[in-house]
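Trainee: Handing you a structure now.
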Protein chains: 2
Amino acid sequence: MKRLVSSDPGFAKAFARVVADRREADDDVSRDVRRILERVKAEGDEAIADYTERFDHWKLADDADWRIGAETCEAAYHALDGVLRDALELAAERVRRYHQAQLPERRDYRDEQGVRLGAIWRPVDAAGLYVPGGRAAYPSSLLMNAIPAKVAGVERLAVVTPTPRGDTNPLVLAAAHIAGVDEIWRIGGAQAVAALAYGTDRIAPVDVITGPGNAWVAEAKRQLYGTVGIDMVAGPSEILVIADKDNDAGFIAADLLSQAEHDPDAQSILITDDPEFADLVADRVGVELATLATRKVAEQSWKDHGLIIEVGSLDEVPALANALAAEHVELAVANPEPLLESIRHAGSVFIGRHAPEAVGDYVAGPNHVLPTGRRARFASGLSVLDFMKRTSFIELDADALTAIGPAAVALAEAEGLPAHARSVAVRLNRRRED
Amino acid sequence: MKRLVSSDPGFAKAFARVVADRREADDDVSRDVRRILERVKAEGDEAIADYTERFDHWKLADDADWRIGAETCEAAYHALDGVLRDALELAAERVRRYHQAQLPERRDYRDEQGVRLGAIWRPVDAAGLYVPGGRAAYPSSLLMNAIPAKVAGVERLAVVTPTPRGDTNPLVLAAAHIAGVDEIWRIGGAQAVAALAYGTDRIAPVDVITGPGNAWVAEAKRQLYGTVGIDMVAGPSEILVIADKDNDAGFIAADLLSQAEHDPDAQSILITDDPEFADLVADRVGVELATLATRKVAEQSWKDHGLIIEVGSLDEVPALANALAAEHVELAVANPEPLLESIRHAGSVFIGRHAPEAVGDYVAGPNHVLPTGRRARFASGLSVLDFMKRTSFIELDADALTAIGPAAVALAEAEGLPAHARSVAVRLNRRRED
């Protein structure tokens with residue numbers, strides 16, 4: 001853990017280093033991924049089966065090897081412990097309702113020149129969702145990706161998920177049942193992303209691919225951007241907690257560790273205006289770590305990337321927070337509202353002393369897929385819009401064309417596009433002749 | 001030009017080939033671009049100056065070599081022919097108003113569990129706009145990119161544009177004056193995109209980069225996606241005209257050619273239910289081509305990619321149009337409304353016999369930057385949203401946490417994330433003790 005004091009002479013430089021630190025692997029996997037994509041495009045299912053056997057030690061022969069059926073998901077759902085099932089249902093319901101309110105409206109109006117203008121939002125036909133195997137296979141992540149797609153109106157939602165040596169995660173299958181996933185394919189890695197984008201004999205292509213994955217999956221999505229739509233590239237998770245001294249130091253320490261336990265590259269930052277409170281939190285992090293089952297990961301993250309910044313006043317916070325553009329921001333202060341307004345770059349903000357970030361990961365309703373690595377400067381959390389697209393429309397009658405057409409003719413001619421000009425002019429001339 | 005008849009036995013196969021044909025260059029420029037990006041990142045302005053001298057034969061020494069000042073743009077504006085100036089102003093005003101109505105609203109509400117939820121849309125701090133030099137330097141394109149950024153509230157809008165041997169385009173400069181562009185840099189290519197994304201000593205970095213460019217520019221944007229936000233990858237332009245026999249064949253021919261003149265790789269497609277009308281249009285395309293200043297390009301496009309499809313009934317249109325997912329769709333039919341509803345995949349739709357696509361390129365109001373190459377399946381035209389991002393927020397009091405917190409604890413434990421569970425549980429326990 002690093003500690004910085006904003007009034008120290010070296011602060012600006014040290015803080016700039018934190019902001020510039022990307023914490024992302026620079027493995028050059030792009031050549032490998034390019035080869036995988038090309039092979040899947042050319043050979044389809046055969047390439048998929050080959051890669052799956054090689055990487056996941058899973059043989060794809062019969063239909064049952066390829067897919068997990070709806071009945072298996074339903075069985076997983078019914079086999080769940082009741083408390084857990086209710087928790088998943090509560091989460092799904094709250095996420096569904098928050099995202100339903102995001103649905104954009106159609107526009108359709110006529111302006112004073114008599115031009116009818118508008119835009120229609122529609123869902124994509126099919127979406128693909130990557131669900132990692134192993135440690136990062138989270139049912140909450142499935143809900144957060146699948147529900148917005150379904151709320152958007154996507155008719156076909158196909159999940160790909162690696163099942164190394166045949167292993168599946170019953171919680172994820174139960175979540176797929178709740179979310180109404182239409183297909184689950186037992187494939188993973190760049191080859192699964194390629195199958196979704198290009199389609200194979202078995203797997204119909206999709207229009208949008210979302211969901212977290214390792215470096216190969218992320219690179220495959222990046223290379224296929226344009227062939228399909230994708231969600232934002234994601235890096236390690238991060239939290240910025242703004243806390244005054246009137247907090248329980250144990251609560252704040254728990255919040256910092258909840259981020260740190262995700263990944264050794266995750267980052268937890270505390271900004272406080274009270275040096276003694278900073279000491280208390282630092283101590284409590286140490287105490288909490290001692291009894292944490294995820295200690296190894298959390299300790300590594302806190303050691304390598306943890307940061308406490310002491311400021312002279314909370315007025316210094318917005319500039320620092322905007323430079324960090326953090327994925328999660330907690331405002332555990334007496335008067336959070338001005339900070340909500342002045343922190344312009346953040347994925348999601350948690351307001352007050354009773355809003356630990358973890359409620360947002362599961363049950364609050366807003367999406368937990370959020371921009372990381374300073375991308376909150378330009379990117380947003382996942383929403384129904386990621387699974388929709390907009391068609392604009394324009395209707396003119398002869399009067400409307402007479403009103404605005406001549407300007408189009410003038411501009412088309414000036415741009416050296418005479419056929420553009422002519423397509424308008426012939427109609428204007430006919431009008432004049434009539 | 002190819003002609004297909006939907007009742008022919010080979011139609012499905014021939015049509016599938018049209019849909020699969022991407023018309024996009026497969027040049028592998030990615031290695032070149034990667035090298036350019038790395039060098040600009042490492043060497044900054046020096047690399048930029050070197051590339052600009054090499055590719056654009058333009059020496060960047062003094063400030064005046066690097067930038068075109070606001071006074072130059074203003075002078076270009078005042079020097080414009082009056083008709084053209086009025087046309088640009090009309091276009092700008094109509095584009096501005098259409099995009100103002102796109103501005104998304106803030107959400108802020110409290111649900112029945114007492115959880116306050118919402119989302120705040122904000123503009124990015126800075127946007128960069130690529131404006132090609134040479135043939136494709138269109139003032140309308142500058143307006144269509146710059147105005148949404150300014151309407152979104154972007155404070156700093158930086159244009160990069162190559163000025164080969166010093167050449168500038170006064171129409172583009174005048175449009176920059178109208179749109180309120182803040183900076184214009186005389187640089188182009190992948191190196192200009194890199195300068196915008198990484199920043200250099202002279203050029204501050206931006207958050208989002210939009211605008212058309214050649215293969216190197218497009219690949220630079222693709223590689224920098226994630227470092228900055230970008231607009232959708234764009235390919236050659238295309239139009240799909242649906243026309244019944246009650247149209248003037250000359251109008252429809254003009255519309256088809258207005259797309260063909262953009263680029264030899266552009267594609268114009270007519271679908272009609274009347275074989276005689278198809279003949280008439282085909283003839284008229286030939287006649288119009290003879291007198292067109294852009295004949296060479298338009299003829300090549302029509303010869304290589306032009307297509308007329310005869311259908312037995314307009315009822316066949318939606319399936320074909322949805323497979324094509326065209327950038328522009330004209331509905332020159334007696335009853336366009338059902339087609340507007342049933343054609344789900346289209347960038348922009350032009351309704352009726354008085355709405356040539358060219359009005360949308362200039363003055364209608366909706367954006368003319370639209371998804372090409374079947375990307376209307378999942379992508380939308382440029383809008384204010386491309387220059388904005390959303391921060392979600394969550395506020396809970398102790399009662400609200402008591403209502404939904406236990407479910408978060410259960411899910412966190414099930415996912416093997418004990419620090420997540422603890423951050424909620426410590427607060428719930430404190431409540432119980434109070």
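All positions are counted from 1 along the displayed chain.
The backbone N, Cα and C atoms fix where each Cβ goes, and this holds for glycine too.
Reproduced below are the annotations present in TrEMBL:
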type     : residues                                                             : note
ACT_SITE : A:Glu327                                                             : active site, proton acceptor
ACT_SITE : A:His328                                                             : active site, proton acceptor
BINDING  : A:Tyr130, A:Gln191, A:Asn214                                         : NAD(+) binding site
BINDING  : A:Ser237, A:Gln259, A:His262, A:His328, A:Asp361, A:Glu415, A:His420 : substrate binding site
BINDING  : A:Gln259, A:His262, A:Asp361, A:His420                               : Zn(2+) binding site
Trainee: I'm trying to understand the geometry here, so how far is the Cα atom of A:Gln259 (substrate binding site) from the Cα atom of A:Glu327 (active site, proton acceptor), in Å to the nearest whole number?
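Mentor: On Cα coordinates alone, these residues lie 11 Å apart.
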Trainee: Please report the number of other Cβ atoms within 10 Å of the Cβ of A:Asp361 (substrate binding site).
Mentor: 28
Trainee: Here are some binding-site residues: A:Asn214, A:Ser237. Which one has the most Cβ atoms within 10 Å of its Cβ?
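Mentor: The residue with the densest Cβ neighbourhood is A:Ser237.
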Trainee: Within 10 Å of its Cβ, which one of these recorded positions (A:His262, A:His328, A:His420) has the largest number of other Cβ atoms?
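Mentor: Going through A:His262, A:His328, A:His420 one by one, the largest Cβ count within 10 Å is at A:His420.
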Trainee: Between A:Tyr130 (NAD(+) binding site) and A:Ser237 (substrate binding site), what is the CA-CA distance rounded to a whole number of Å?
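Mentor: Rounded to a whole number, the Cα-Cα distance is 18 Å.
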Trainee: Max Cα distance spanning A:Ser237, A:Gln259, A:His262, A:His328, A:Asp361, A:Glu415, A:His420 (substrate binders), Å?
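Mentor: Taking every pair among A:Ser237, A:Gln259, A:His262, A:His328, A:Asp361, A:Glu415, A:His420, the longest Cα gap is 56 Å.
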Trainee: Sequence gap of 6 or more, C-beta under 8 Å: which same-chain residues meet both conditions with respect to A:Gln191 (NAD(+) binding site)?
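Mentor: Sequence-distant Cβ neighbours: A:Ile36, A:Val40, A:Ala47, A:Ile48, A:Tyr51, A:Thr52, A:Phe55.
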Trainee: Between A:His328 (active site, proton acceptor) and A:Asn214 (NAD(+) binding site), how far is it from one CA atom to the other, in Å?
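Mentor: If we compare the Cα positions of A:His328 (active site, proton acceptor) and A:Asn214 (NAD(+) binding site), the gap is 21 Å.
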Trainee: Do me a favour and check the Cα-Cα span between A:His420 (substrate binding site) and A:Glu327 (active site, proton acceptor); whole Å is fine.
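Mentor: Pair distance, Cα basis, whole Å: 46 Å.
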Trainee: Going by C-alpha positions, which of the binding-site residues (A:Asn214, A:Ser237, A:His262, A:Glu415) is nearest A:Glu327 (active site, proton acceptor)?
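Mentor: Sorting the binding-site residues by distance from A:Glu327 (active site, proton acceptor), the top entry is A:Ser237.
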Trainee: Does A:Glu415 (substrate binding site) have same-chain partners at least 6 apart in sequence with Cβ under 8 Å from its own Cβ, and which are they?
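Mentor: Residues satisfying the criterion: none.
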Trainee: What are the other residues, in sequence order, whose C-beta lies within 8 angstroms of the center of the C-beta atoms of A:Tyr130, A:Gln191, A:Asn214 at the NAD(+) site?
Mentor: A:Pro132, A:Val160, A:Pro162, A:Gly188, A:Gly189, A:Ala190, A:Ala192, A:Val193, A:Gly213, A:Trp216, A:Val217, A:Ala220
Trainee: For the NAD(+) site as recorded (A:Tyr130, A:Gln191, A:Asn214), determine the largest distance between any two Cα atoms, in Å, rounded to the nearest integer.
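Mentor: Farthest Cα pair among residues binding NAD(+): 13 Å.
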Trainee: From the binding-site residues A:Gln191, A:Asp361, A:Glu415, A:His420, keep only those with a C-beta under 8 angstroms from any C-beta in chain B, and list them in sequence order.
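Mentor: Qualifying residues, whose Cβ lies under 8 Å from chain B: A:Asp361, A:Glu415, A:His420.
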Trainee: What does DSSP call A:Tyr130 (NAD(+) binding site) in the simple three-state scheme?
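Mentor: DSSP call for A:Tyr130 (NAD(+) binding site): strand.
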Trainee: Highest Cβ count within 10 Å among the recorded positions A:Gln259, A:Glu327: which residue is it?
Mentor: A:Gln259
Trainee: Roughly how many Å separate the Cα of A:Asp361 (substrate binding site) from that of A:Asn214 (NAD(+) binding site), to the nearest whole number?
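Mentor: Cα-Cα, rounded: 20 Å.
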